[in-house]
Structures are given as C-alpha cells and as structure tokens.
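Note sheet for the following structure.
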Amino acid sequence: MNTVQGVVKMHMKDRVSWFYLPWIIVLSSFVVNLFIAGLVTTEDQLVTGGLASIFVYAMVSGIIGVHHTFAFALGLSVRRRDYFSGSMMMIAMTSVGTGLLLTLLSYIEMWSDGWGVDLFFFHLPYITDGNAVQQFIVFTSFLLFMYIFGWGISSLFRRFGKTGLYTMSIVSLLIGTLLVYAFIYWGWWNGVHDFFEGRSAFNLGLLLLPVSVVLSFVGYALLRRSTV
Amino acid sequence: MNAIVEAKRLTKSYGSFTAVNDVSFTIEANKIYGLLGRNGAGKTTIMHLITAQLFASGGELLVFGEEPFENNKVLKQTCFIKESQKYPDTFRVKDVLETAAILFPNWDAGFAERLVADFNLPLKRRVKKLSRGMLSSVGIIIGLASRAPLTIFDEPYLGLDAVARNIFYERLMEDYSEHPRTVILSTHLIDEVSRLLEHVIVIDGGKIMLDEEADSLRGRAYTVSGPVAKIESYMAGKQVIHQESLGGFKSVTLFERLGVTEQKQAEALGLQFAPVTIQQLIVYLTNRGPEQKGVLR
C-alpha cells in the first residue's frame, strides 16, 4: 500500500473526530430545535442557523487534526508530502460525504414541510436556493474551505509556533483595519455590494473552490519546512 | 564497507547555540551502534537529522546514499523511535499498531502480537491513558516489529522496569540475529546495553569524542591503584581521565592501552589493576572540565 493511502487509513482510525462528533453536534442542535418548533404554536416557520455548527466544527477539526497527527505520521517515517496528500484526500472525502448527507436532509426537510413542524434547519433561504447539485456544491465547498482554513492555521502554528500565530493575528488585524478605512475613505463599499448583489450561494461556493486550493498549498508550503 | 549513514561536517545551530558542531561519522550496515553522551550533548538532534525531522544548518548527510528529506526510499527503510513521540489523543494502542503496520513495509504482525503479550500491553486502552512505561513499550514494539533496515531508538525505555528492559534486549538480539539490520541505540543505561553494542559513538558538547568498536574500547582504559608516590611516578606522561585519593592511596584511570612494558613497570611498583567498563569510561570522559577536554589520542 502506498503511503498516501496509509495516511488516509490513519485518519480513518479516528472515526469519532471525522464523522461521529460533527453529526452529534449538528443533530443535537437539530433535536433541540425540533422540540422548540413542536412546542411553539405559531403559524410562522422556524428558520434556524444551527447548521453553522458543522462548519465551525470543520474548522476546529482542521486545526486539531494537524496538531494530533503530523508529529505522529512523521514519527512513522511518513514524508511531509504524503502526509499532506493523504490529509487532503481525507478532508475532501469527508466534505463530499457530509455535503451529500446535508443535501439529502435539505430535501427531506423540504418534502416533509419542515419535519411536519415547520422547522427549517437544513433547507435554508439563500443557501439551498439551487437544485440538488448546486446545494451539494455549496455545502461541500464551504466545508472544504473551513477544514482547509483550520488546517492552514494549524500549519502556521507548526511552522512558526506561537510567535507565528500572534504575528499573523496582529498583521491581519492591522491590514483589516486599514482596509476598512480605505473602503470608507474611497467609498469601495459599492464595489463590495456589487460583487455580492445577485450572486447565488452556488456561485460563491464555486468561487471559494480555487481559494481553498490555494490555501491548502500555503499549508503544504508551511508543513514542508516544519520540524517535529 | 557498506555505509548506511554518512555525515560530513554536519552542523545544527539554533541562533547562537550550536547543538551539533561539525560532526563527521559513518554508520555501517548490520551493526548495533551505541550513540552515547550526556543530556544535551546533541544525540537526539543527530537522530532527528538522520530522519529529516530536523534540518541541518550545514554539512552533508546521506542515508542509504541519498538525502533523507522528503525521500520515501530512505524513510521507508527507517524507523525512529523516540521518547518524545506524540500520538493522536483519540488513538488506542491497537490503532497505533495498525497504523504502523500499514506504514512500515517490513512489518511483522505476528512478532508485534508476541511483543504485546510480552509487555502486557492493553490493546484497547487509549495511548493517552498509558503509564510512562507502557508508552515506552508501544515505541519498542513499533521499533522491533517494523524491521526497518535502519532502526533508531532514542531513550526507548523511559519508565520501563528492569524485567521489561530485559525483554527488550532479548527480543532485540533474537530478532537482530535472524533479521540483521542497522540499529542505533541511544541511552543512559550504558552498562545494561554495553554487551549488545558493537560500535560506540560518544558525543559531547555537540562534537564527537569517541568513535570506536566496542571491543577495542573495552581495552582503551584501565585503572591502577596503589600508594600515592608510586602512582604519581607511574602516571607521569600518561593521559589521566580520572583520579581519586584516599589517605595515602591513590587510584587513577588512564586513557591508554595497557602494554607489556607498562604492565611490567606497574607490577614492579606493586600497583593493582582494574578494568574500566564502557559506562565508567564514558562518565569519566564526558565529566571532565573544559581545560581537560583535549583531543583524545
């Protein structure tokens, strides 16, 4: 078996973090919402943002994943490139699997009129406006991005330690502040508005894919020079 | 001669601190090496460099004739067991061993199973919950069962009791004779391993102090004792690495080979000889003040 597959199998040993935990979090939020929707007797639909938890979890999982497995894999004579490829395959597979499940749940929710109690947890305005393929791409692309974003943060920590994280936070904060001032001063908000105006979630999901790819290679560049 | 590791003027520095300083050595195939030295001498750094887990600041390092960095051909033949190895928090002993089985091409599952039984390791327990000694035995099992042509153990038995350490030595020797490979063993328990070692490299302050066959090292030094005056006259012009006196008696350890002439001279003076173990020799050599630390002849 080649090493990349070996790395995927290593990740798969941790089914709790990759599969059970995110669904336990989402489904417990869902069950609470279901109870509330069942108890509240208004005519209105109950639309909640509980689904965001799975995206936040994906980022946290990306951060913790590198932290736990990088030193372990290198200790078992895995080269950094194979660790990267295997981990990216695992992230992609998880995102696709989760994306498929979320799309399915979104349809079930739609067909069952919000589980019979007008609860909209998976089928959300704007997010799931498109057809099945488009919904799937939105879910998957955003999950992918969150995993890789977390992965990137953790890779930065592996490469440059605490100093790296602090420096990055301060620099991003400064750049962010300057940008906000620049936006206000030169009135660029219209441009931002024009960019998002009329753009579907599907379209944003597609745009996010190349961003994720670039980000993953930044993570790789950092890990390539990381030591254990 | 078949060189597995060749280091030439290898250097690793962290800012102004030089952990490994201009070190050159060769590790030959199918021998057991002892990489010995005090804490902070640079042993662990050298082992990390061999496995490309750290990057050298200078010099050249070839493992199996190639650069080890990102080189699967080298890494797949190497297994590095270190005391500080990290394991994923959620992994059980079973998960760790199964992952190692996937990643090491020569893994012997039957052997791993026997070792698990030897060390009484609970397979279903999380690695995080293991005692220090059990954690060490996980590393030892991986190191032995992976049968990597180059196997490196860095302080493999922290927290292991004498019985378990003995199991390790026995299994290592048995398996080594059936499946010869190159083993680098770094440890502080030199007396315990000295009978296993075929070659000894001693590192001190980031430099190589000794690089010799273990057999030749055993005759490299000796201790003589007797009345102060006689000892003083005997030790003149010889390389003294340790001395202690008690009342009118003095005992000195000399870093010299005991030749026939010296033996006769000493016998005429009525002095007593004692052999020096490798552990004592290394303690004396690495415990000297800076002014004494000349190059050893």
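Note that the numbers count up from 1, one per residue, in the order the chain is shown.
The backbone N, Cα and C atoms fix where each Cβ goes, glycine too.
Where the annotation comes from TrEMBL, it is an automatic prediction and has not been curated.
According to TrEMBL, the features are:
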TRANSMEM  A:20-42  transmembrane segment
TRANSMEM  A:54-78  transmembrane segment
TRANSMEM  A:90-112  transmembrane segment
TRANSMEM  A:132-153  transmembrane segment
TRANSMEM  A:165-189  transmembrane segment
TRANSMEM  A:201-223  transmembrane segment
Within-chain partners of the transmembrane segment (A:20-42) [C-beta distance under 8 Å, separation at least 6 from its ends]: 48, 50-51, 53-54, 57-58, 61, 98, 114-115, 117-119, 121
Tertiary contacts of the transmembrane segment (A:54-78), as residues 6+ beyond its ends and Cβ separation under 8 Å: 3, 6-7, 10-11, 14, 17-18, 21-22, 25-26, 86-87, 91, 95, 98, 102, 142-143, 146-155, 157-158, 223, 226, 228
Tertiary contacts of the transmembrane segment (A:132-153), as residues 6+ beyond its ends and Cβ separation under 8 Å: 54-56, 58-66, 87, 91-92, 94-96, 98-100, 102-103, 106-107, 165, 200-202, 204-206, 208-209, 211-212, 215-216, 218-219, 222
Remote residues contacting the transmembrane segment (A:90-112) - C-beta distance under 8 A, at least 6 residues beyond either end: 7-8, 11-12, 18-19, 22, 51, 54, 58, 62, 119-124, 128, 132, 135-137, 139-140, 143-144, 147-148, 151
